[in-house]
Amino acid sequence: MSSSNVKKVALAYSGGLDTSVILKWLQETYGCEVVTFTADLGQGEEVEPARAKAQAMGVKEIYIDDLREEFSRDFVFPMFRANAIYEGEYLLGTSIARPLIAKRLIEIANETGADAIAHGATGKGNDQVRFELGAYALRPDIRVIAPWREWELTSRETLLAYAESRGIPIEMKRGKTSPYSMDANLLHISYEGGILEDPWAEPEETMWRWSVSPENAPDRPTYVELTYEHGDIVAIDGERMTAAAVLARLNQLGGANGIGRLDIVENRYVGMKSRGCYETPGGTIMLKAHRAIESITLDREVAHLKDELMPRYASLIYNGYWWSPERRMLQQMIDASQATVNGVVRVKLYKGNVSVVGRKSESNSLFDMNIATFEDDRGAYDQKDAEGFIKLNALRLRIAGRKGASFA
């Protein structure tokens, strides 16, 4: 499909510099009508100004959707049932937001009769892959326009010059841009670029926006009780909440105690290494607490199998395969495992640390104090049974040893 065949484009629009320039560029380059879509994922910024900017550039169809609850309930919570982390550290805050944006963008394209969608992801990053894999899965014949892979605007300064030359309303001025590229939603805020491109450079304390430094966190710990039903947090300190409210509250509690900061170099799907800094206070608490409630409610082999599958599941999300048959299959297995994950976890938040200090389940605990006790178990467990168990498991080792094998 050539540019002349594109009549209407649905644009994922934040109202910032990049997507505002993209909006005008689409109008000029493709001569098409543009529909804008702005998602409120709990990024903490006013999204309504995006409406005024889009209107000022002649956009007739403007969508601004509050997706905070859907994001938390249908994307973040299912991911945390799996205890998903990428490369042992990253809690996938950016990755998990992209499939929802792609889904809603395709829905809007269908509603408005758009024959193409557009996004502001660069040609170097993972987001282009995540947006487009999702879009093609949900509408195989959709045309995707990725301006960063087409135009000759290669820097923030050239974008600002373009905006000025066309009267695009942009708050930031040339030479006064933020040193970091930031992305936020209810799960996290990320920082890239600037001095972070040097993996040896320590970020300034002023970069962090959601959390106090652990050194300056309160000198007294905060205790929190989290109630779980089927693997999801449904109440904090006994107060039942929606998924979005749970995440917002845990972000507050974690941020106030210096929890959730992360500075990593990760392997992007496109092949390069990238350094990023993240604040995920609520998610950090959720991961620790969920593993704790699973520790007393999951069968050993089920728990171990989940741990084996988790890296694969996390990679699927990181690489953009949320809308795939393999992710769906894994999700069904994970969700089935959570039927018994019910109970309460008590955590202590103190100077950047999350410590589990209690866990209980009235209906589904597999922890038997009568068997596990170091005191007199009154015959609940016959220690003599261990001898046969050990000998059976040692049989292959003993046979190999008799045949001359050396394990030292």
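Positions of Cβ are set from backbone N, Cα and C atoms, glycine also.
Within 10 Å of the Cβ of Gly16 (ATP binding site) there are 16 other Cβ atoms, across all protein chains. Among the features that Swiss-Prot reports, ATP binding site is placed at Ala12, Tyr13, Ser14, Gly15, Gly16, Leu17, Asp18, Thr19, Ser20, Ala39, Gly120, with the record citing sequence analysis.
What Swiss-Prot lists as L-citrulline binding site is Tyr90, Ser95, Asn126, Arg130, Ser181, Ser190, Glu266, Tyr278, and the listing cites sequence analysis. Sequence-distant contacts of Tyr278 (L-citrulline binding site), defined by Cβ-Cβ distance under 8 angstroms and a gap of at least six in the same chain, are Tyr90, Leu91, Gly93, His188, Ile189, Ser190, Tyr191, Gly260, Arg261, Leu262, Ile264. When secondary structure is read from DSSP and collapsed to three states, Tyr278 (L-citrulline binding site) falls in the strand class.
The L-aspartate binding site annotation in Swiss-Prot covers Thr122, Asn126, Asp127 and is backed by sequence analysis. Its Cβ placed at the centre, Asn126 (L-citrulline binding site) has 21 other Cβ atoms within 10 Å.
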### Task
Tell me, if you would, which residue among Ser14, Ser20, Ser95, Thr122 (binding-site residues) has the fewest other CB atoms within 10 Å in the structure shown?
Thr122
## Note on the structure
When the binding-site residues Asp18, Glu266 are compared by other Cβ atoms within 10 Å, fewest goes to Glu266
### Summary
Integer Å value for the Cα distance linking Arg130 (L-citrulline binding site) with Ser14 (ATP binding site) is 17
### Message
Are there any residues at least 6 positions away along the chain from Gly120 (ATP binding site) with a Cβ closer than 8 Å to its Cβ? List them or say none.
### Response
Ala12, Ser14, Asp18, Thr19, Ile22, Pro147, Trp148
